[in-house]
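Here is the structure we will look at.
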Amino acid sequence: MSLGINEIKTILSEHNLLIKIVPNKNEQFDDVTYDSRNVHNNALFFCKGNFKPEYLTMAKAAGASGYVSEKKYAEGSNLTQIIVKDVQKAMSLIGAAFYRYPENDLFTIAYTGTKGKTTSSYFARSILDNTTNNKTGLLSTIDTIVGNNPDQKFKSHLTTPESLDIFKYMRMAVDNGMTHMVMEVSSQAYKKNRVYGLKYNIGLFLNISPDHIGPNEHPTFADYLHCKEQLLVNSDICIINADTDHFEDIYMAAKATTQPENIYLFSDHDQSLIDNRHPDFIFDSISDTISDNKIKLVSNNKKAKAMKLDGEYKIAVAGDYNESNATSAIIATGLSGASSDDVSNGLSTVFVPGRMESYDAKSHGNVYVDYAHNYASMHALLSFLKHGNPDGKVIVVVGSPGNKGEDRRKGFGIALTENADEAFLTTDDPAFEDPATIVDEIDSYINHDKVNVHIELDRRLAISKAIHSGDENSIIVVAGKGRDPYQKINGVDTPYETDSVVVKNVLKGIENE
Ligand SMILES: CC(=O)N[C@H]1[C@@H](OP(=O)(O)OP(=O)(O)OC[C@H]2O[C@@H](n3ccc(=O)[nH]c3=O)[C@H](O)[C@@H]2O)O[C@H](CO)[C@@H](O)[C@@H]1O[C@H](C)C(=O)N[C@@H](C)C(=O)N[C@H](CCC(=O)O)C(=O)O
Ligand SMILES: Nc1ncnc2c1ncn2[C@@H]1O[C@H](COP(=O)(O)OP(=O)(O)OP(=O)(O)O)[C@@H](O)[C@H]1O
């Protein structure tokens, strides 16, 4: 693959991003990259983010023949110089062109929302695997899947990758025969222009609640909401959960670029909405116990009825909040060609790594490994489990990350007070903070008359102690990390075998006792 300087010039000029191009000897680039540790000969190097000029020196030494940046660097002398107004936007547009617009050869379903993106993406992919005969790729927080061979599935680094990686993965997916792509789009992806210029066939908005607000992410809630809404502005068809907070604002964002007939709304009840609309689909919970999750989907108008999706569906993953996640996936996949049989098969067999993974701890109760890591998800999870198990204790292992989402600490304190009986406060990605201080902060928001609190900073030990403290009626929740294979400590991803593996090891130990 290669890209010529003239094409780059046209693209950047069309988008009013070009300040100047000073071509050098090479007018054709054979690779694009933003990382000096990954430069091939004749590459175009992007200077972005917390860039340091020495990276350009490294890139040049490794064979880069041009660079894109917002200013000129002496370190880039003798290289083709492309100076732009916004390097992240330029990188996304040039990335799409370099990889020959792979998004045009994929039917794309893109999810945003504060909670449920990963789960719903797995639901949608599981359904579409039936429809497409396993030709559906995935860009998710957990896994990136660009083909069916084992080496075409790998762990993700970000929820939404850098633009160059998105287009590279999409190209790989197309070349590997994939026809559909389900992806998560974070608000950060819009904030950082990782998806600038990318259009989706279907965009879904699940919900929004305060999260990711802080000096390193979004300055305000309004900024967070605005970034998330951009997904709808860039989608041909929009699907919106009518029960979300800020629904009217979100609907208006969708309507700015999409005709109302291409906007699908769903809810757990009929209601009169903006523009005299009612939800197109309504889902009823038939069963939402810990062991059985089932919904009935009902179309509420002719447009929805024509999709022939009405029916009862079993969902393999527990949690009443997963009913709305499942509904979103049914509508999105139905619009992509899935039949109700595909939906039935997909939802009844789906497995989502690190989300509501259930383990039988015999005389110590039942263990759930789950990714709940803010107030909204912890509240949804614990209230579901407490109501489903009113006679047993709810025991929770939880920590909170350092240097981000500081408001989560208060959220956990409140959620634990509302529905937990015991809490084991522990370490979760402390970054550059002292985990003991983080844990003390969570503790300060817990009402000790309601919750019995233990502090154990060694996460493995905290999990073991929590499981051992349970009796046969207990539910033990290991929250926040799911299948994350690391603890982020002092800027280093320190290997960690994952909560799922730690739980399995503790259970093995119990069997052998
Ligand atoms: C705020 C943000 O978007 N940060 C991301 C961004 O950082 P950055 O551009 O400043 O990169 P950097 O690592 O500081 O380095 C600067 C540049 O120098 C390059 N470099 C660096 C070292 C070197 O030796 N040579 C070199 O060329 C880097 O490749 C990079 O291009 O680009 C990096 C990859 O190029 C990302 O790893 C990094 O994500 C950080 C780690 C992160 O955790 N971001 C979070 C906030 C995030 O984006 N989360 C959302 C999910 C949130 C949600 O759930 O809603 C996500 O989509 O994942
Ligand atoms: N629709 C929902 N509403 C509230 N909580 C939810 C919902 N769906 C999932 N959860 C809870 O949130 C946790 C994270 O879910 P999931 O990973 O699907 O969301 P996400 O949007 O990808 O999250 P993140 O952006 O934090 O990675 C789950 O483990 C569950 O506890």
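Glycine is no exception: its Cβ is also placed from the backbone N, Cα and C atoms.
Sequence annotations record features per position, and here TrEMBL assigns ATP binding site to GLY113, THR114, LYS115, GLY116, LYS117, THR118, THR119. Classification of THR119 (ATP binding site) by DSSP places it within a helix.
Per TrEMBL, the feature domain 'Mur ligase central' maps to 112-332.
According to TrEMBL, the domain 'Mur ligase C-terminal' annotation covers 354-482. With helix defined as DSSP H, G or I and strand as E or B, the domain 'Mur ligase C-terminal' (354-482) counts 51 helix, 28 strand, 50 coil.
The annotation N6-carboxylysine is assigned in TrEMBL to LYS228. In this view, LYS228 (N6-carboxylysine) is surrounded by 27 other Cβ atoms within 10 Å of its Cβ, with every protein chain counted.
Sequence-distant contacts of the motif 'L-lysine recognition motif' (428-431) (same chain, at least 6 residues past either end, Cβ-Cβ under 8 Å): 373, 398-404, 438, 459, 480-481, 484, 487-491. The annotation motif 'L-lysine recognition motif' is assigned in TrEMBL to 428-431.
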Rounding to whole Å, the Cα atoms of THR119 (ATP binding site) and LYS228 (N6-carboxylysine) are apart by 18
Among all chains shown, work out which of the binding-site residues GLY113, GLY116 has the most CB atoms within 10 A of its CB.
GLY116
Per DSSP, to which secondary structure element type does LYS228 (N6-carboxylysine) belong, with helix, strand and coil as the options?
helix
Separation of alpha carbons, LYS228 (N6-carboxylysine) and LYS115 (ATP binding site) (Å):
12
Beyond GLY113, THR114, LYS115, GLY116, LYS117, THR118, THR119, what residues of that chain have CB atoms within 8 A of the centre of the ATP site's CB atoms?
TYR111, SER120, GLU184, LEU206, ASN207, ASN325
Could you check the binding-site residues THR114, THR118, THR119 and say which one's CB has the most other CB atoms within 10 Å?
THR119
To the nearest whole angstrom, what is the C-alpha distance linking GLY113 (ATP binding site) and LYS228 (N6-carboxylysine)?
7
